[in-house]
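Taken from TrEMBL as is:
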REPEAT    A:58-99  repeat 'WD'
REPEAT    A:148-189  repeat 'WD'
REPEAT    A:190-233  repeat 'WD'
REPEAT    A:234-275  repeat 'WD'
REPEAT    A:287-319  repeat 'WD'
REPEAT    A:320-352  repeat 'WD'
Amino acid sequence: MEMAAQPSDTLATLKTESETLKTKLEEERAKLHDVELHQVAEKTEALGQFIMKTRRTLKGHGNKVLCLDWCKDKRRIVSSSQDGKVIVWDAFTTNKEHAVTMPCTWVMACAYAPSGCAVACGGLDNKCSVYPLSLDKNENLAAKKKSVAMHTNYLSACCFTNSDMQILTSSGDGTCALWDVESGQMLQSFHGHAADVLCLDLAPSETGNTFVSGGCDKKSCVWDMRTGQCVQSFETHESDINSVRYYPSGDAFASGSDDATCRLYDLRADREVAIYSKESIIFGASSVDFSLSGRLLFGGYNDYTINVWDVLKGTRVSILFGHENRVSTLRISPDGTAFCSGSWDHTLRVWA
Amino acid sequence: MTINTFSQDGVQRQQMPCLTKMERMIISMQDPDMGIKLRNQRLLITVIPHAMTGADIFEWLIKKFSISDEEALHIGQIFVKYGYIYPLKEPRNLILKVDNSPYRFQTPYYWMSTRWPASELDYAIYLTKKNIRKQGDLIEYEKECYNALHKRINHTWDFVVMQAREQLRASKQRRKADRIVLECQEQAYWLVNRPPPGTLDNIDHGPERRTTNTRVQLNADFYKKEIEHNRISLARNRVKSSICLESYVKYCEQYQPHDPIMQGCLPSNPWITDDIMFWNMNCETVSVQTKLRVERWSFSFMELLSDPVGRKEFLTYLEKEFSAENLCFWQACEDVRHGETSKIPGKVDEVYKQFLAPGASRWVNIDSKTMEKTLEGFKRPHRFVLDDAQMHIYFLMKKDSYPRYLKSDLYKNLLARAVVPQETKKSVLPFIHRQRHSSPSPALATQAAEDDGKAKNSNSFKSNSGTASRL
């Protein structure tokens, strides 16, 4: 009787081959690494005393705030929470302008449309839905809801591309996808992560065709939106990647992870170029964003704090206390005048 | 965060990077040379060995990590909250007091990573012991839990009671000091793993994430794709780090005056002073721009195009040069790329008629190879069919028209006319702030436009996005 080749043998061989290539790749990447970022930044002036305070506290969610996004008008914010509520605020006056109750809990993703006329959100319902914002107080926003994206597991992040017409999503099913809002059709899907995808960010590049994603496989991937191909990937984190955000020039991106570090990856050098960590920081970074000039990196952490990093020198500039539970989401405002943090303590804070 | 629990012969192991790090720190805290000095602490009339004060913990953290008081207190609190250190006085209150209150290190037997998740059976035994000791006088929530457990695992209740009695008997034979310590350890463990209602639940982690047994099919195809990706990545052209990193220094330097958090903004940051002048002076419809804004257009072509006012000014310049069709073409391509899928064929047709057809009214100059490829793509028009042509024209403008615009009188005059706002100081009286004015919602602008019968996508809050309207 002939022995058929065990499927597990082939799989194991393939896996080993992939691992070997990965090791070779890291070696190649190291060859052109001739200087560290903080060395190049030695001549840069050190930052002075850093003072940032909570300028607004948005109270109104009855449960953990999971996600937030700014409107292009620089003052409105949409936020979503564990109990299914999605709220649109004028953060400047702290007034609530719209509220929607989703039919699911754990709304982990929300995004403001570029026009300011709609919001997208989703979570444990595995979908991403778009709600046009009506100013008629009597109108039930839920009635006009449009189901756009359908994944086979939870929705972890969503964002509109440069218009109201397309949405990019990431999911616990291990994939990302690009959707046409009007028809609900999937335009492109992105496969390559080996586990849940937790976050994504659109590149601010001239040609605007790439985005980066991070997942539970400790990998961050840069994707070509047109072809669906993974263009570059990085695997230096030691745990789940909770957040990815492009450096303003689009030449690099930062990631925040459960391994309590934030890292900077340069796309032209094709490698990790900085690690932002401290022995005293124990808990994971849940959300990261850059200041307008890219000099500062703000990280919201699971130990309730916000750490502010000097991107160039690699040092921590400040630690901000205030939230009474995990900081789950953090975004800088479109004109860089402030940043907003959302927390499991049910509140959002605007800092400036 | 991902909590990996894999059952191996019934043993559940948990990995959470933060717990691993905490445990490393706890071990170094107990280092005989560099750790905290442990001594006997007096608890009423009993002497408890190997204890320390809250102040000891606090000071050690400051020294070891060179951090501020606030941060040291914060970290200390975390250790107590997660049950790695427990208080001897007021044991039900898991907080760190920076005074001579006594604390002890929790035994590794009761570490969160060792015994996770907490077993229902163990909790039943614990509550039963307490019940017996206190003769039924349990705290309200413990009573509820006890009754609920009694119902749920009634079939093993004899075993529970037997274990409880046995453990109580064994503990009676210990010295008082040991007994107190063991009781505190156990109590701390349960306070962390079964927190009383109203206290923070440290175990709550959100929806389940998977790193093993994932929802992705890790089959041969997956690895083959990965191998292919890695091969291509290996052959990739890379740039030296020194060149890449230098660009960040330059970028940060160039944008620093524009970064309100780094350098403030004039007249003032609206979030700090409640004065929205900064937003008013930088909106799209303002007649005179600020110097910073106009300067920014010179940083890159992308900056110029991203600002609607910049784009308008550039168009005016191009019109003078009789090359405005380039920008219009570029915008029409953006419209195709970011618009509704159903409108693509119609829009592509319009673009061809206006910009690409021989003799078109606004003909753009594209090289023959690109033109050929684009026309081929028109046979089955898709979202990206105009990408090559668009890029060609984009780079044409970037390399030629843009630099000339920056040298032009049009731009120079605009820059000269641009203003530097006067600084508005924050209100001297700390609690009196200016009235915070509402602003019209972007949704309103659209509603009004809709009512006027205009296109849905144009509104005054759109800056560099959305479907471009024909200029």
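Numbers here mean position along the shown chain, with the first residue as 1.
Positions of Cβ are set from backbone N, Cα and C atoms, glycine also.
Under the criterion of 3 or more C-beta pairs below 8 Å, with sequence separation of 6 or more, the repeat 'WD' (A:58-99) and the repeat 'WD' (A:287-319) do not qualify as touching, having fewer than 3 such pairs. Packing against the repeat 'WD' (A:287-319) from elsewhere in the chain are residues 37-38, 40-41, 44, 46-47, 50, 52, 242-249, 254-256, 258, 260, 262, 264, 274-276, 278, 281, 325-332, 335-336, 339, 341, 343, 345, 351: each is 6 or more residues past its ends and has a CB under 8 Å from a CB in it.
In this model, the repeat 'WD' (A:190-233) carries an average pLDDT of 93. Sorting the repeat 'WD' (A:190-233) by DSSP state (H, G, I as helix; E, B as strand; all else coil) yields 0 helix, 23 strand, 21 coil.
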